[in-house]
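Take a look at the structure below.
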Amino acid sequence: MAALSVWFWNERFWLPHNVTWADLADPAPGVEYPKAGHLLSALPLAVGIFAVRILFERFIASPCAFLLHIHAASVHWRATPNTVLEKVFTSITKCPDSRHLDGLSKQLDWDVRKVQRWFRHRRNQDKPSILTKFCESMWRLIFYLFMFTYGICFLWKCPWMWETQHCWYNYPYQVLTPGLYHYYVTELGFYWSLMFSQFTDIKRKDFPIMFIHHLATVSLISFSYANNMLRVGSLVMCVHDASDFLLEAAKLANYAKYQRLCDFLFVLFAVVFFITRLVIYPLWILNTTLFESWEIIGPYPSWWLFNSLLLVLQVLHVIWSYLIAGIAYKALVRGKVSKDDRSDVESSSEEEVDTNGTNDRGVKMVFYPKVENGTNGHAVTTITWPQQIRSSSSSSSSW
């Protein structure tokens, strides 16, 4: 283990030329430099943050949801207990293809559509309720807003906020202040908690992308702390926190059925996201890490690693910007922001429907977790009228 530690913390990898760990180990009295051991305090902090989240969602977020008439929806059509299908669902696939469907149909002597319906109902049993989504988004909104506010207040007084060259002057002999330490360790603890809770939170289609994002973020925070790149790291964290709380606020408005507020918050989020991730991040952050640092301190092995991770984040920014632009386009065409389709409840009906959701009698079955009359979890039968009598001014008039 000692040999592995020596190999991992090789000075020639982590530090600029002619700098050793011994140079940073014994600073002048009253001066503190970052040490890798400080990062261990983020792990118990992550556990504490997760515990606070549970208490927050139960005693603050849930009552707020009830005040907004958001309740946990119940799925009325539950899958009939079946050992064979349950084994396939849990160990093979949750969405069987035609080959699996034909085999199961013959094995159980069931109609293929009945097997399809069983899997649809079984998937819906695992879908989260609107209440669960609301509580999760409210927790993230509060935390992101708190960290962004703290970051802005702290960085406003720092010279590297206004002149990014200060991130590299006298590097790596830059003093660790209490404010910078708390900012870093709290952010690291929060993202560690997200890494753990992602496996228990709402499962969404972008799970792999989010996992890569959290992993890259934790790695960036840890590596930049270990080799005292805290100044530029604090700028990276602040830029990322600038838009996250707006997205969570838009989700809350959507779950509470305040559509106009949701539209406004989403547009505001999109504007801030594009500016911070596609303009400020590459022109301000990447410019100083790639070019200004090259001129002032020069490249070294961990410099390449650090910038590679920052470029990975930029690639993710481009992917997310494309997805957000697609939602914004739909909002302009349809007149409202479309729902988050990463974890929808599937249409549930005793009648099999086609790909458009309409059966052979023109009847469409839609599952509503919450409807206007306050009744939760009921199937609403709606008629799809012929095209010639639909109103062209609104997509909702076809219901």
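The backbone N, Cα and C atoms fix where each Cβ goes, and this holds for glycine too.
According to TrEMBL, the protein carries these features:
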TRANSMEM  36-56  transmembrane segment
DOMAIN    85-129  domain 'Homeobox'
DNA_BIND  87-130  DNA-binding region
DOMAIN    132-333  domain 'TLC'
TRANSMEM  141-162  transmembrane segment
TRANSMEM  182-200  transmembrane segment
TRANSMEM  264-284  transmembrane segment
TRANSMEM  304-329  transmembrane segment
Top Cβ-contact partner of the transmembrane segment (264-284) among 36-56, 182-200, 304-329 (pairs under 8 Å)
304-329
Please list, for the DNA-binding region (87-130), how many residues fall into helix, strand and coil according to DSSP.
31 helix, 0 strand, 13 coil
Need one number: mean pLDDT over the DNA-binding region (87-130).
88
